[in-house]
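Feature annotations, reproduced from TrEMBL:
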type: ACT_SITE; residues: 169; note: active site, proton acceptor
type: BINDING; residues: 28, 91, 92, 121, 122, 123, 124; note: ATP binding site
type: BINDING; residues: 122; note: Mg(2+) binding site
type: BINDING; residues: 167, 168, 169, 204, 211, 212, 213, 267, 295, 301, 302, 303, 304; note: substrate binding site
type: BINDING; residues: 475, 532-536, 570, 577-579, 633, 659, 665-668, 739; note: beta-D-fructose 2,6-bisphosphate binding site
type: DOMAIN; residues: 21-326; note: domain 'Phosphofructokinase'
type: DOMAIN; residues: 406-691; note: domain 'Phosphofructokinase'
type: REGION; residues: 1-393; note: region 'N-terminal catalytic PFK domain 1'
type: REGION; residues: 406-783; note: region 'C-terminal regulatory PFK domain 2'
């Protein structure tokens, strides 16, 4: 046994027997809250605890009675795909008073509930913390008033609290994403995409107001994701004279063959004198200054509604399970914590540190210290802001640095939603850095045939929202055409390459790197950006396009589950894409609430199939009479989708009937999700900045010469950071036969899916459990 396995910590050792957990949603609702409630209830029951719903937030706790109700496994069925919160939420004045909290404590003690999981915004979480600090005092009062006896006070002497942040504004410090933010972005982008078609027809300007009283996250990210002309957010008030600047930019864009303008305004937008900037004020400005036909659309509560996105369901499910683990491990000395997301990792942070930092942002803004406010918002917000600044303002040619470098961009492999956003970002950042940008059509096939032409700022307008690959993409690898490709590099004097694509793109770069010994033309900086729905590229946790594909899978599974619920006793077998990589099937299964998922990475045999059938037979005896089984297309060459369908049909005779569904290429198409637009935009900007650095470093005696490992890299997201990794170093981490990385982080999510589907399983929790601290971003530079 290796040392690593000895130190692994499994949660079988954590028992919830004899414990009671209360779960409540409080404050404004957010899509994904239900997924969090479901995860808390099922994980709680799974470890042997009793779990109670507290209906209507703190109001229900204060009122007691039927508002506090024991939850069962079945009671959270079918709520994963529902927006809002099924257990209700309310803003409660009474809980703010001492008497209200005394009543609440009494109602909890009556049911021995000493563990609370609170899903809400910073107000709700601050309230929970105060409640915990007063707990022992409240119990003493209840004993004095004769409402509870000494024994009850002793049994319930400690109150443990874990929070999850549910808020569409993403206004909570310490977490990259709050539950509901991604879904709200989906609503906004759906509206913007729809508005763009009508604006295009009439050459109109649209002013859109999105939510965010104190936080500009939604406005900023949606502006990035749709390529808006101007954005106004509370954290970055425009400088005096912004009105003229804005109008100038709008008219320049019109002159540049653009038929429409989009301006996005956060509801809390202010100018540098703290005066509100309203949508009507902007409309009047545009009309009086430019005479453009202008319309205002206020999105309002649409942003809070609708079904949660795949991202929010997975986020909330991971957080819910993590919250129960945190409650089981809590002791008298551990502070109340929040479970949150940092990069791609679940972390626990002290609740009051996060609340304090969130309040500091507001304080900094009130004091007009806006740079500080942006810094406190965290790195995710700061990155978005910097990328927006890079892309939004087109400098005049005279202002640009003249680098005299030529950079080529191409797509390789199968199309993935978000590729075009990445190309647009690369082209515009490249131009801003002073390079000449070249677009290559149809991958390396187009490259060796000479389909290479210069691409300008205006050529990529409106690309962010387009699915597929506008440049065209092919799976052709360069190895057979090295001489011709080298010749084209010479003809067009290409000094650097940016390849956006899937596993093939990684292979292409490896081949070019290895050909450097025989062809000096390939001694130039080269970078791969992972873009594939399968998410099977080594060196990165996530690929551009995978999120869009997950949403397509989850949406279809929702419809199929609905159909199965209507007919009763029906099991659907669904086949997903992904090659040998089980990412789409596994993560899609977690987000859609699947009963079983078959993938290549986790071998299965006839006994596993048998036990899954028995599991479904048992399930049909309960109130939930439907089943959902996902199978990755290459999970097993003999247990095909047809085979599994026939086996289930035969074994389930008289208990349930079966249907099968192959999702096919619908998983590859469609408009990119906000996440993919944003991810593509940000990593392409980062890649071009890296290329600029490498070009400067390798420019000697009038030419570029780069032959070291670190000049042929893949830019990927690893746990919490974006990292450039030499492709040659990723070779050992890759299974080339099955085209997958040897180690894949998401396999850790599979036990979650099994637990939530009521299977006994082993779950490695060595990654979680340590309480971390909020990092105050970089201290000020000392002079």
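Glycine too: its Cβ is placed from the backbone N, Cα and C atoms.
Residue pairs drawn from 28, 91, 92, 121, 122, 123, 124, the listed ATP binders, are separated by up to 14 Å at the Cα level. Checked against residue 124 (ATP binding site) by C-alpha proximity, the binding-site residues 304, 534, 570 yield 304 as the nearest. Sparsest Cβ environment among the binding-site residues 121, 123 (other Cβ atoms counted within 10 Å): 123. When every Cα pair among 167, 168, 169, 204, 211, 212, 213, 267, 295, 301, 302, 303, 304 is compared, the largest distance found for this substrate site is 33 Å. Within 10 Å of the Cα of residue 122 (ATP binding site), the following binding-site residues from the list 167, 302, 534, 579, 665 place their own Cα: 167.
Just so you know, the Cβ of residue 124 (ATP binding site) picks up 25 other Cβ atoms within 10 Å once every protein chain is counted. Those same-chain residues not listed among 28, 91, 92, 121, 122, 123, 124 yet with C-beta within 8 angstroms of the centroid of the ATP site C-beta atoms are 26, 27, 57, 120, 127. Across the domain 'Phosphofructokinase' (406-691), mean pLDDT in this model comes to 95.
Between the binding-site residues 167, 534, the minimum number of other C-beta atoms within 10 Å of a residue's C-beta occurs at 167. Taking a C-beta cut-off of under 8 angstroms and a sequence separation of 6 or more, residue 475 (beta-D-fructose 2,6-bisphosphate binding site) has the following same-chain neighbours: 412, 413, 414, 443, 504. For residue 570 (beta-D-fructose 2,6-bisphosphate binding site), the Cβ neighbour count at a 10 Å cut-off comes to 21, with all displayed protein chains included.
Annotation for the binding-site residues 91, 213, 304: lowest Cβ count within 10 Å of the residue's own Cβ, 213. When the Cα of residue 211 (substrate binding site) is compared against those of the binding-site residues 28, 91, 665, the shortest separation belongs to 28.
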